[in-house]
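Colleague: I have a structure here, written as C-alpha cells, and I will follow up with some questions on it.
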Ligand SMILES: [Zn+2]
C-alpha cells in the first residue's frame, strides 16, 4: 500500500515537472515564432516596396522596348506604335469621337496583304518578358503551354458578327493573345443591343460595331492586331476576307450568312466554329474540320421562312449568347493552337431554362454535300455567283419578314388615320392581337388584348366589348401609355349608342401589321364587318404618330 | 412502347410549350416494331397542337429540324427507318440562328 502511494507521488511529480517543462518550451517557442513572424512581415514590406519600384522600371522598359522594336521593324512597327498610342489615348480620353477616328485610322492600316505572323514576339520568336508575364497563367496550363501560346499568337481568327455571341468571343480571343483578329459587322450599336452585346458601351451608341469592338479589344490587349471589316460579309467578298484567316467564327444572326460562311470556309479549307442563341437556348458546333460535316451536310435545305425565329421578335436572355460565345472562343483557341478535342462531328445544346447541356453525336461529312461532298458545286472561284438571299428566302441581316399584304392597303388604316379616329369619339373597340407577354411591355390606352392564337375561342370577349363600347373621345396622346406596372388598365366603359357587330368599328393592331391582317380576315368572316387593321402596327404608331410610344 | 420525347429550339411551342413528354407509343397494327416514321405520324395525330407544317414535311421532319435518338444524329441510325427501343429518348430540335 505504502509502495503504491510512493509510486503515485513520484509519478505525479514527474508529470508535473513534465508539464512545467512543456509549458516553458511552448512559451519560448511562441516567443520565437512571434519574433520570426515580425521579421517576416518587415521583410515582406521591404520586398513589396522593392517590387513596386521594379515594376515601374519594367513598365518603362516594356514601353521603350516596344517603341524600339517599332522603329526597327517595318511594317509591323507602325502597328505597334499605333497600338501603344491607342492605349495611351484610351486612358487619357473617353471621348468616343476621338476613339472613333483613331479606330478608323487603325482599321485602314496594315495587314492589307493578309499574310499571317502577327509579330508579337521579339526577334527570333523568343518570348519577351512582357509576353511571359501577360500570358503566364496560360503558359502554366500543361496541355496548352508555351507551344499553344506561340501558335495562338501566330494565328489569325475571323469573327463574323459583333453582337451577343461576338462580344465574349472577341473579348476572350483578344485577351488570350490571338495574333490577329478580324471583326466583321456592318451594323451600328443600338441601346437594345447592350443587355447582351457586352463589348459595346453606351458611349458607342450610333457608331459602327466593328469600331466599338476593335477599341475594346485593343484596350484589353494592345499587343495584338485588330482589323475591322465594317462592310459585312457577302458572296462577293467572303472568300477574299476568309482566306486571310486561319479559323473562322460564325457569330451571325441570320440564315443566309450561316450558309455563306460555311460555304466560304469549305472553299478556302478553314475550320468554322458556329454558335447560335435564342430565348433561353443555345447551340454550338465546329464545321468543316477533319472528317466532320459542314453546315450544309447537316442542313442541306434551309428551313421554310415561316418557321424562323429572331432575337428581335422572340427575345434572348443576355447571358445565353454570352455562354455560347465563350464556348465558341474556347473552340477557336483550340483550333488555332492545335490542342484538345474540338466539337467537330458533335453539337452542344444548351437549355438555360433548366440548366441542361446535351452533347450529341453528329453525322460525318456527307459525300453528297453540295459544298463539301465528293462532287462539290461550290468553289472559291464560283461562290460569288451564288445567291444566298434567294436560296434562303431572306436577307443577309437580321431583318424581319417582309410586310405581308393579305388585305389591300386602301382597305386598311394608317397609324395617323387611327389617331384621328380615336380622337373623333366614334364608337369603337381597339383590339390588340399581340401575345400577352408583349402586350404587357407597352400598349395603346383603352385597348383590348386578345392574342391572335386565342381570337377564335375568345370571340365572346370581343363581343361583350362591342356591346359596351366607348362613346366619348379618346385621346391617347393625353394619356400615359400603359405598360410594365400598370398592366390591365384597359377599360370597357358603358355607352348610350346601340352597338352591333356590323356598325361598331374594330381597329386591330399588332406589333408590325401582319398578324392584324389575319385577325381582320377572321373577324370579317365571323360577321364583324367593320373590323379594320393598321398598316405597320405599333411600329408605325411609334414612328409616325407618337415617338413617346415605348416600342420594343 | 415507352419513349421520352423532347422538343427544343422553338418546336416546343407546337406542343403546348412543354419540352419533355413521356409517352407510350403503340406499334402499328399487326407489327411489333416502332420506327421513327411511325413515331412522327403518332406525334402528328396525338401530340401536335397546331401548325403541322412547322414540324413535318413529306413524311419526315421539315428542313432545319435535327432528330437525335439517344443523343445521336438520326442520320447515323437510319433516319425514318430507325427502329426504336423501350425507354429511348428522341429529341427534335429546331436549328437556331440568333446571335
Ligand atoms: Zn458539307
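Every residue gets a Cβ built from N, Cα and C, even glycine.
Automatic prediction, not curation, is the source of TrEMBL annotations.
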Colleague: Would you mind telling me which of A:72-107, A:108-143 TrEMBL tags as region 'Disordered'?
Modeller: A:72-107
Colleague: Using only what TrEMBL says about ATP binding by A:164, A:192, A:193, A:194, A:195, A:196, A:209, A:253, A:254, identify which of A:185, A:246 is listed for that site too.
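Modeller: The one candidate that TrEMBL places in that ATP site: A:185.
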Colleague: May I ask for the distance between residue A:194 (ATP binding site) and residue A:510 (active site, cysteine persulfide intermediate), taken between their Cα atoms and rounded to an integer number of Å?
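Modeller: With distance taken Cα to Cα, residue A:510 (active site, cysteine persulfide intermediate) is 26 Å from residue A:194 (ATP binding site).
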Colleague: Do any residues at least six apart in sequence from residue A:510 (active site, cysteine persulfide intermediate), in the same chain, have a Cβ closer than 8 Å to its Cβ, and if so which, in order?
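Modeller: For residue A:510 (active site, cysteine persulfide intermediate), the qualifying residues are A:432, A:433, A:434, A:452, A:516, A:519, A:533, A:537, A:538.
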Colleague: What is the number of other Cβ atoms found within 10 Å of the Cβ of residue A:297 (Zn(2+) binding site)?
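Modeller: Around the Cβ of residue A:297 (Zn(2+) binding site), 25 other Cβ atoms lie within 10 Å.
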Colleague: Which three-state DSSP class does residue A:196 (ATP binding site) fall into?
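Modeller: In the DSSP reduction, residue A:196 (ATP binding site) maps to coil.
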Colleague: Below 8 Å between Cβ atoms and chain B: which of A:194, A:196, A:294 make it? I'm asking about the binding-site residues.
Modeller: none
Colleague: Near residue A:192 (ATP binding site), which residues of its chain come within a Cβ-Cβ distance under 8 Å, counting only those 6 or more away in sequence?
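Modeller: Counting only residues 6 or more apart in sequence, the Cβ neighbours of residue A:192 (ATP binding site) under 8 Å are A:312, A:552.
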Colleague: Of A:164, A:192, A:194, A:196, A:510, listed as recorded positions, which ones have a Cβ less than 6 Å away from ligand 1?
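Modeller: Cβ < 6 Å from ligand 1: none of the recorded positions.
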